[in-house]
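As C-alpha cells, the structure follows; a few thoughts come after it.
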Amino acid sequence: MADGQRKSSNQYSKDDEDKNRTWVWVVTLVLLFGMFCGILIPFVLEYSAPYFSWRWEDPVCPVMMEEEKIDCYPEDPTPNWYKCLKRGCCWRQSTTRAPSCFMALNTGYNLEGEPRKTVSGYQFDLFRRITPRVYGGEIWRLRLDIEMQTNERLRVKFYDPGWKRYEPPITLPLTTTIAQFPVYAVDYTKEPFTLQIKRRVTDQVVFNTSLGGFYFADQYITMSARLPSENIYGLGEHRHDNFQHMLDKTQKNLDTWHVWAMFARNAFPDDLGQNLYGQFPYYMVVENDGNAHGVLLVNSNAMEATLTPLPSITYRTTGGVLDFWFFFGPTPENVAEQYGVVNVLYTDAQFADNDYLDQHLEFTLASQFSNLNDYVENILHRYGYHAVLVFNPGIAVDAYIQYEPYQEGIRLNAFITRPDNETVLEGESWPGWVAYPDFDSSAGQAFYKDEVKKFYSLVKFDGMWLKSNEPDNFRHGARYSCWRNDWNYPVYVPRYMHDRRMWDRTICMDSTQSSDRHYNLHSMYGHQMAVTAHDAYRDAEPGKRGIIITRSAFPGTGAYAGHWLGDNMATWADLHHSLIGVLEFGLFGIPYVGANICGYFGEAYEQMCLRWHQLGMFYPFARNHNVRDELDQDPMADRFSLDFRIAVKKAIETRYIFLPYLYTLFHHAHVNGSTVIRSLVGQFPNDPNTWDIDRQLMWGDAIMAAPVLDVDTVKVNAYFPDVRWYDYWTGFPLARTSQRRYVSVDAPFDHIPIYIKGGTVIPTQWFSQSTVYARYMGMGLIIALPDYDYSNGMAIGDLFWDDGESRNTYEYQNDIFARIEATEDRISYVADRRGYDDPYLPIIQNITMLGVRKDVWQVFVDHQQLQPWQVELTDTLYNLKTMVLYNIDIAINEDHDIDIRYI
C-alpha cells in the first residue's frame, strides 16, 4: 500500500509539473500577444482609424459668412451635395463665388502634451483629429517648430518628424538664440490646434488659422489663415491687372476667390491667372494702420493660393513642408530689407538670342557668327558696351553628329534621368531632342561650369541670358511620354494649371535628380541654373561681376541673377502689366527686373512704343527686345518718325543722368535688401490713398514718375502724397493744396512727368553713349529742400561709387561711399569710405538746390568764396527759388563743406 501510494504520489507530482508547464506557455503567449497588440493597435489607430467611419468625428458646420468658407472640394468648382457630405465636408448652397462645399471647423490637428522650449523658441507635437481621409497618405503626427529668430523675424514650420520630406535647398538664416524683444506674439488653441500671430504694439492679429481646414497629407497640404486687411500684394509669377489684389465683397472682381497657381512654366502671358515662369509664394500686407508685414512660404512644390474678401488666404501645395517666414517691418521698406536677398548691379549691353548658335546647339557658333569675339572685343568693348549671350539648358542629343557637350555630360552623369535613374530623359527644344543638365547635382554643376569656361575662351561675353529654364519642353513630358504614377498624376493638381497637367510644357515629374524627384525640384530648376551660371561666369572671368538674367526664378534668385518678365504683347494693357510686374518683383527680392520694352509679340505702334520707352527708362533692367519676325522697334527703326527718336533719346538721356542715383540704390539693395523701384504704398503706407495705386512708381524715396499708360493721352491724373514735391523739369514746387490729392498734370508726347520729393538729395551725372564713358563725365547734386513748416528743413542723400565691374568692392572696401546732408544754410558732404581711387574719378561740378526761400549773398565752398557768376538764383512759385552753383569742382572721395549766406 505504501508503495502504491508512493507511486500514486509520484504520478500526481508529474501531472502538476505538466500543468505548470502549460500555464507558463499560456502566460508567455498572453504576454507576447499583449506586446503584439501594444504595437499593432496604436499602429492601426494611427494609420487605419480613418477607414472606420464609426470613429470619425461629425463635421462641425456652424452658420458663417460666405467669405469665411474654405473650399473643401478644390478639384471640382461645382461639386454636388452628395459628394461633399461623403467627403465629410459641410454643405450650404452659395449665392456668390464662395464655395458651397466647405471645410468643417474641426478639421485639423490637436496639440499633444505641452509645448517644449528650444534654444530659439518652442516645439509642439500635433496629432490628427479623427476626420475622414480625403487624398490618402495623411500624416497623423506633425511637429511644429516656432523660431523667434530676431525681434522682427519669426519662423513657423510644420513638418513630419518621422520622415524627411523635401525642402528647397536655399540659404536660410539660422539662429541659436531667442529674440529678446520681439515685436510679435504667438498664441494658440489646443483642440483643434490653431495659431494666432499678432503684432504686439497694436495687438493686431496678422495670421489666424482658426478658420479650420488644416490638412497635411503626402501630396496634399492645405492651411487657411485670416488676414488683417485687404491690402495684399505679391504671389507670383502671374500676369496681374492690379498691384493690389482687389478683394471686393461684391464678388465681381476676378481677384476675389481667384485661385493663383504657382509652378514654373513657360506660358503665353495673355491668360490672366495662368502660372508663369517662376514661383514666389510671398505676399506683403499693409495693415489698416499703415504697418506692413510680409509672409514667405518656403516650398517649391506645385501649389496654389486663394484669396477671399474676408480677407483670408488658403494655401494648397502638393508636397514638401509648411515653412512660413514672417517679417514684421513695420514699413514696407523694412519688410523688404528683412526679406530681401539681393546683390546684382546693372550694365548696358547688346543681347544675342539663339541666332548666334550653330543649329541651336549650346556652346557653339554659327558660321555667320564665327567672328563674334572680334566684334565683342574690338567694337563693343572698345566703345564701352557689353555683350550678353543667350543660354538654354537643353543639350542636344547627338543622334546625327558627335556633339562634345552631350558626350561629356554622359561621361559625367550630368543629366536628369528617367525613373530608372539610368536612362537620360529626353525632351524637345530648339535643336531637337535634348537632355537637361541636373543643376541639383555636383556633376551637373561641374559639367556646366566647364562648358561655360571653354566657351568663354572663344567669346569674351559679359553676361548670360538664361531662357527656357522652367525647364521648357516643346514635347509635353518626355520623348516617350510619362509613366502613369503618383508623381506625374498626383491626387491633386493646382487649379488653373493648363489642362490640370503637371508636366504641361515641361518634363515628367518622376524624372530623377540628385536629391529627389523632379516633382519636388521643378520650380527650383531655373534658380539652380542661375546659381550655377553665376558661379560659372565667376570661374571663367574671376575679376568681373558680369550679369545673369533668368526667366525662371524662386525666392533667393535675386542674390545671383536679375529677371525679365518674359514674353509680352505690344499692347497698352501689357504696358501697364509690365509696371505691375516690375513692382511685384521688387517685393520678391529681385530688384534688377524689367520687361521687353514695346512688347515681344505684335506690331509696336509708334505712340505706344514711345510711351513704353518713357516707362522703360525707369525699369531697373531696361531692354528693347522683340521676336525676330516682327517689325523693328528699336529707337532708330526707319519706320518711326524723327519726333519719336528725339522723344526716346530724351527719355534715355534722362535715365543716364540719374544713373549715379540708380547705382547707389542698387548698392543699398545689395547691402540691406532694400528695393530699387517701388510703389507709392511702399513709400507712403500710412496714406490709404496710395494702397491701390499702380500707375505711378518711385525710384528709392526721392524720384516719382507718373508715366502715360493709355492711348491718345496727354494728361495724367497723378497722386501726390503729403510732402513737398518739385517738378524735375522746371524745378517749380507744387502747391500745398496739391498734396494728398490727385492732380491733372501735362504729359505731351515728348514728356514724362517726373517729380523730386522734398527732403532728398540725388546724385546725377552728364550722359554719354554708355555707362563706361558716362563714368568720366561731370557729376552734380540735386538738393530738394523739404517744407520747413513740417520738417527740420534737412535734405539727406548718399552716393556709392566703385569701378563699375569688379566683384565684392563693398566687401573689400574698394569703393567710395559719401553721405550728403543739406539745409538752406549749409551742405555737408562726408566721404565715409574712400578705398577706391582712380586718376579719372569724376568731380561734382554743379549743385542745384530747390526750395530756397531767401536771396543769396555769399557762398563758400571749403572756405573759398564763389564768384558771383558761379551762383544763379531763379524765382519759381510760392515765394521759393532755385539756386544753382556752377563749376565748384569738388572731389567725390573727399569731405566738403559748403556755407550759404543770405541777404
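Any Cβ shown, glycine's included, is placed from N, Cα and C.
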Which cysteine out of Cys61, Cys84 is the one TrEMBL pairs with Cys101 in a disulfide?
Cys84
Residues with Cβ closer than 8 Å to the Cβ of Cys84 (disulfide bond), same chain and 6+ apart in sequence?
Cys72, Tyr73, Cys90, Trp91, Ser100, Cys101
State the count of C-beta atoms found within 10 angstroms of the C-beta of Cys101 (disulfide bond), not counting that atom itself.
25
What does the DSSP secondary structure composition of the domain 'P-type' (59-105) look like, as residue counts for helix, strand and coil?
9 helix, 5 strand, 33 coil
